[in-house]
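What follows is a set of notes on a single structure, which appears directly below.
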Amino acid sequence: MGLHNPLPSSLKSECKKAGKILTSFVDPRQTLGAQEVIPPSVLTNAKGLVIMTVLKAGFLFSGRIGSGLIVARLDDGTWSAPSAVMTGGMGVGAQIGSELTDFVIILNSKAAVQTFARLGSITLGGNLSIAAGPLGRNAEAGGGASVGGMAPMFSYSKTKGLFAGVSLEGSVLVERRDANRSLYRGDITAKRLLSGQVAQPAAADPLYRVLNSKIFNLNRGDEGDIYNDVPIYADDEPEDIWGPSSKSTKRRDSADRSSSYSRRGDSYRSNRSRAHDDDDEDDYSFSRSKSLSRKTAGGSLRSSKMDNRRSKYADTPSPRRSRSYSDEDEESVYSSDVSTESSSQFSSRSSEYSKPSRPTAPKPKFKQDSLGPNQARAMYSFAGEQPGDLSFQKGDIIDIVERSGSHDDWWTGRIGYREGIFPANYVKLS
C-alpha cells in the first residue's frame, strides 16, 4: 500500500489520489487476490462513492484529519462531476499511535447521495447507517446487509500504521467549497455537482478511467476478464503516470517540452512553483460539454465521449497554439539571429569586403513526398488528450484505417506501429 496525502489539496490532486485508491480496492492484480476486492455486483449497483485518506494520530489526546471526494452515478448511468470533501476531529481516552487509512465508502441508495447533496455534509453512522461491505469477486451485495435490509453505506478500508481505539463511525464529511470553487471557477455547490448540472472536468480523468471500466458497468452477459480495462498504477512511479501504457506520460512530456520553449530560464523555473489552483483552472477549460457527456438511451458511453470530442474539434478547425513554440516562431528567431550576426560581421569588414549579390538562378522547389490513396498529411499538430488518440506533428503522413465522408468527424489512422483516432479537419488528403 502506497502512502497518500490526507491533507486537503486541489480537487485535481484529489481526483488523481482517488483513482489510485480505487484501483487498489477493485482490481485483484493490485490487492492480495480475488477474495480481497470489492465485489463487482456492489460496484455496478453503487449510487455514489466517497474516496478519501484519513490520518489519525495522538497520545491520550488524538486528532483526525482527512480529505477526498464524493461522486454520484446519474440516472443515465454516467458519473457526476466530483465534489471535494474533508473530515476532522479530536478525541480523548486510551489512544496512542498513528494511522494512515484509505477509505472507499459505497453509497448504496440515492437517499445517501441526496442527504449529502442537500446538507453539504453527512455523518457516517449518524444520518445514515454504515456497515462493513462484503469482500470477494463472487460476493453479493446482500452479504453486507443488516437485519433491516442492505445498509445505505458500505465501508472498505486499508490501513498503514497502528492506532488503538478510534473508529471512523461518527465522523462528519463536509464539502470543500474552496476546492470546488477553484476547479469549477464559481461558487458551485455539491448539490449541483452531484445532480449532474455541471460538466465532467478533464482534471478528473484519472478517476473516470476507473469508474467507466467494466466492473462498474457489468451486464449479465459479460464474460472473460472483467478487469482488463482497469488502469494499473505503480506505487514507485510519479503520481501522474497512469494506465498500462505510456500515453499519459507522452502527453505530459509533450506539454513539458512545449512549456519549456515558451517559458525559458528563471521565468520557467519560477513558474513551476505555481499553486495547484492555476492548474485546476486550465484543466477545467477543456472539460466536456454537459449535453454530450451523458449516455443517451441505447447508446454507449464511448460513443457519447466521441460525439463530445467531435463537437469540440468541429468548432475549432485549427489547433490551440498559444502556449506552443511553433515552426514559424523558430524560423523567425533563427532568421533574426542570422541577420544580426551577418550585419555585425559585414559592417566590421566593410573596408575589406563587399556584400555578394544574390544568385541569378531561381530558387529550387523541393517537392514533398507524394501521398498514397489512403494517406493524409497533417496540416496541424495534434496532441492526443485521451487513451486511443493518435498524436502527430504538422507534416506527418498518416495511413487512413477508417474514415467517414466528412472532415468534421473523427477518423482512425496509423503512424508506424501507433494506431488511434484523430480529428479529420487537422489533415489533408492527397
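Each residue, glycine too, has its Cβ placed from N, Cα and C.
Bear in mind that the values here come from a model prediction, so they are computed numbers and not experimental data.
In Swiss-Prot this protein carries:
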type	residues	note
COMPBIAS	263-277	compositional bias 'Basic and acidic residues'
COMPBIAS	304-313	compositional bias 'Basic and acidic residues'
COMPBIAS	333-358	compositional bias 'Low complexity'
DOMAIN	371-430	domain 'SH3'
MOD_RES	Ser285	phosphoserine
MOD_RES	Thr316	phosphothreonine
MOD_RES	Ser318	phosphoserine
MOD_RES	Ser324	phosphoserine
MOD_RES	Tyr325	phosphotyrosine
MOD_RES	Ser326	phosphoserine
MOD_RES	Ser354	phosphoserine
MOD_RES	Ser406	phosphoserine
REGION	237-372	region 'Disordered'
Ser406 (phosphoserine) in three-state DSSP notation: coil
Listed in sequence order, residues with CB under 8 A of Ser406 (phosphoserine) and six or more positions away: Ala424
Mean predicted confidence [pLDDT] for the domain 'SH3' (371-430): 88
Residue counts (helix, strand, coil, in that order) that DSSP gives for the domain 'SH3' (371-430): 3 helix, 28 strand, 29 coil
